[in-house]
């Protein structure tokens with residue numbers, strides 16, 4: 001009995017059990033998400049990344065009857081892919097699966113390859129196994145660095161997707177191809193709907209052009225290519241979406257567009273995250289006192305999605321795509337929060353400041369007391385006064401102490417990161433999420449609980465608390481036991497900050513008083529001179 005027959009029998013049993021418990025006798029209930037994945041073979045790109053780990057963990061945790069998960073993993077920094085897989089499943093996100101469902105880790109199958117290589121760098125045997133067995137593809141691999149050179153961005157985001165699409169065309173049993181895009185791939189649009197948007201240029205033409213031109217020419221034409229899009233990430237994601245759309249009719253395609261993806265809300269660990277991109281980097285920089293100003297319109301709505309909420313939705317999208325037999329349909333889903341559970345940037349930053357002051361970091365250069373500025377020129381002035389001047393002063397002191405200076409370099413990296421992030425904090429978009437909400441409404445109560453992605457469930461106060469504690473523990477490696485020590489440090493920094501502020505105020509008053517004395521003296525001198533001159537003139541006239 002082959003896998004298809006086994007899965008058919010398993011699904012039939014599930015249907016019969018569900019029919020026996022319902023009062024409706026005319027139609028069978030729709031299978032749940034876990035049942036839809038039972039016996040299926042899945043291929044995931046980007047599985048070693050932040051979002052990919054959560055997807056693999058969730059599938060193993062709540063879709064335990066799936067047949068196999070193929071992970072595309074390349075050799076990295078001299079580490080063999082087999083060793084990378086062993087280290088991969090030891091990650092903290094898999095603790096729950098290791099403890100309760102350790103046998104499911106055997107469902108992970110290693111595929112040696114590289115999204116940057118022609119044909120994904122697959123061996124003939126691996127390619128044959130994938131094309132004969134895979135039924136669902138989740139293409140999550142992408143270069144998420146917003147400041148990446150256009151050559152690297154095109155090669156990973158666009159060309160990498162073309163290579164994955166080429167493989168998917170050969171998969172005989174494919175029932176779902178889910179491409180993970182971004183809600184910000186069409187930043188020039190004020191209202192972003194769940195539909196196809198044409199790319200700024202022809203994706204295949206751009207792919208060929210980038211392969212032919214040298215870096216100097218690409219640097220010259222890149223601003224023209226972007227056409228007001230903020231960075232090469234958004235640009236290449238727009239190209240990639242259009243490239244995927246061209247495969248309609250050939251592949252069963254769904255496109256998921258999450259907004260800014262942040263730390264986990266519930267699973268596998270509240271507050272778990274990786275890396276310092278985006279809001280996480282801003283949080284750490286502000287908490288350590290090196291970010292004192294940010295260009296942001298505090299009244300605009302923030303839009304971010306916890307990674308577990310995002311991946312639950314994408315897993316559900318895979319099920320929805322399976323149920324639609326029409327390959328010519330491309331299904332779009334915006335995964336955003338601002339339309340249904342709005343919160344402004346000002347509220348987020350103020351709420352985060354209060355939580356951070358109660359749960360500070362163990363290391364800080366200065367008391368974290370920055371603020372947002374809606375006026376760009378005022379922000380630039382604050383950057384000069386509170387970012388660069390202290391950085392140069394501290395680096396000068398480091399040189400005097402014969403230590404290696406570091407802070408100016410850090411501030412330059414921070415400024416580059418803020419410049420990228422500030423594009424999204426000074427603009428506002430309207431996201432339509434009808435397809436996503438409709439999908440959620442069609443889920444069973446059990447699936448809504450297990451594969452939660454209703455953004456109305458996000459309690460921002462609780463979430464930001466977990467986010468900050470998660471950044472301390474999982475990114476900065478500061479254990480919860482270090483909080484008392486960190487709070488003592490924060491009190492000392494607060495006192496130092498107030499002493500410096502009082503000193504600066506007194507210095508300013510002294511300078512003002514001195515200046516006033518000089519001005520008053522000068523006015524008095526001019527007045528006395530004028531009187532003396534007037535008297536001399538009067539005496540001469542009298543004589």
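Every residue gets a Cβ built from N, Cα and C, even glycine.
What TrEMBL lists as domain 'Thioester reductase (TE)' is 44-314. Summed and averaged per residue, pLDDT over the domain 'Thioester reductase (TE)' (44-314) gives 91.
Per TrEMBL, transmembrane segment is recorded for 376-401.
The annotation domain 'Fatty acyl-CoA reductase C-terminal' is assigned in TrEMBL to 386-478.
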Worksheet item: Against which stretches of its own chain does the transmembrane segment (376-401) lie, if we need a Cβ under 8 Å and a gap of at least six residues from its ends?
Response: 290-295, 365-366, 370, 407-408, 410-411, 414-415
Response to the item:
Its residues classified by DSSP, the domain 'Fatty acyl-CoA reductase C-terminal' (386-478) shows 68 helix, 2 strand, 23 coil
